[in-house]
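Taken from Swiss-Prot, the feature ATP binding site applies to GLY9, THR10, SER11, ALA12, ASP13, GLY14, VAL15, ASP16.
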Amino acid sequence: MYVLGLMSGTSADGVDAVLVDFRGNLNKPRWKLLNSVSLKYSVDLQKAIIDAGQGSKLSGCDWLELSEAITEAHFSAASRCDPDGISTVVGCHGQTVCHRPPKPSFRGASWQLIQAPLLATLLGKNVIYDFRSKDLALGGQGAPLAPFLDYALIGRGKTWRGVLNLGGIANLSLIPPLKGPHRKCHLLGWDCGPANTLIDLAVQKITNGQMNFDCDGLMASKGKPDLDAIKKWLKEDFFQQPPPKSTGREYFGSLDLAKRFSEINSANVNDLVATITCFTACVVAQDLNNLFKKSWIKPAELFVAGGGSRNIFLMKEITNRSPGIRVLSTEKIGIPSQSREAMAFALLAWWNINQKPINTNVTGLKEPSVLGIAVRP
């Protein structure tokens, strides 16, 4: 079955679209990536999305116009990715503007802006969307969902395999080995903490909006990280919390960045970016080290995807802080680093059409469930 997958992540920089052919066993499908397209949001649309996610007061009409603009961008990306219209169904994540993980005192919830009926009508295809709500309603974190793609498409090997996504948020998947004492272990996955969310905000603030991100990590490479500040940050509650856990821009946004800037013992702009970038690497390394201490689980390979995989400074920091782990791009296994999450929602749409439930181990939902809501054109 030809499936379109559409994803716009926490960085809110645009829409990634993929066209994938899935066939065979639902648990271990044969697959082929036929096309991929990345469409950038306009500067104004990106700013509107980020402001909305950080508490900007909007009227009902403002929300309506924002969701329409996001839907039109998704339609454009889908049309470019599948110009001949060969796809049968579309898996669309939408644009997250609020993700609230569950706590003992309140129910979890997540809101992705997209007008799915409009998108289905424009494309003339069934659209599967709202993948997180059912998971949250059943007590799960609602995120991350991409680990299910890693398990199905990358698969198991002789040792534990890790997949790290460096989008707006850094999240990990750990795939158990085929043999050995850990062969009966479950797939693991969780959000580690901020990645491009804080790094991009830092660059935008320092350059007064003249730059949107640190290309290749050049600014960070010229600076010196404040390791004392990072050591303090790693003791915060979220980073001490065991999986399953999830987070978003609501926690790691402009206010959080301002607080961290005030705690860095340097006013040098390159030092500021280096510290925020190194913080992401330390968050990931701490999670991997804690897991090894508690469960003797350590991946031999760590495949990295997302925009952060192109940040040379960040990749070096992760490699240096993860001894004994081979760090490489998902490109090495045929999954473009920018396409992984869009492929995940294509897979979830295919599973929805075939009524395949996901398991409970990654997000913590109480029972297996089919994720997503279907809308016809």
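Just so it is clear, glycine is given a Cβ too, placed from its N, Cα and C backbone atoms.
On its own chain, GLY9 (ATP binding site) has ASP16, THR96, GLY167, GLY168, GLY306, GLU341 as residues at least 6 apart in sequence with a Cβ closer than 8 Å to its own Cβ. Within 8 Å of the centroid defined by the CB atoms of GLY9, THR10, SER11, ALA12, ASP13, GLY14, VAL15, ASP16, the record's ATP site, lie the Cβ atoms of MET7, SER8, TYR41, GLN95, GLY167, GLY168, excluding the listed residues themselves.
VAL15 (ATP binding site) counts 26 other C-beta atoms within 10 Å of its own C-beta, drawing on all protein chains shown.
When the binding-site residues ASP13, ASP16 are scored by other C-beta atoms within 10 Å, ASP16 scores highest. Taking the Cβ of GLY14 (ATP binding site) as reference, residues of its chain lying under 8 Å away and at least six apart in sequence are, in sequence order, SER8, SER38, LEU39, LYS40, TYR41, GLN46, ALA73, ALA77. Under 8 Å, Cβ to Cβ, and six or more positions away along its own chain, SER11 (ATP binding site) finds GLY167, GLY168, ASN196, THR197, ASP200, GLY307.
Counting every protein chain shown, 24 other Cβ atoms lie within 10 Å of the Cβ of ALA12 (ATP binding site). Neighbours of THR10 (ATP binding site), defined as other CB atoms within 10 A of its CB across all chains, total 25.
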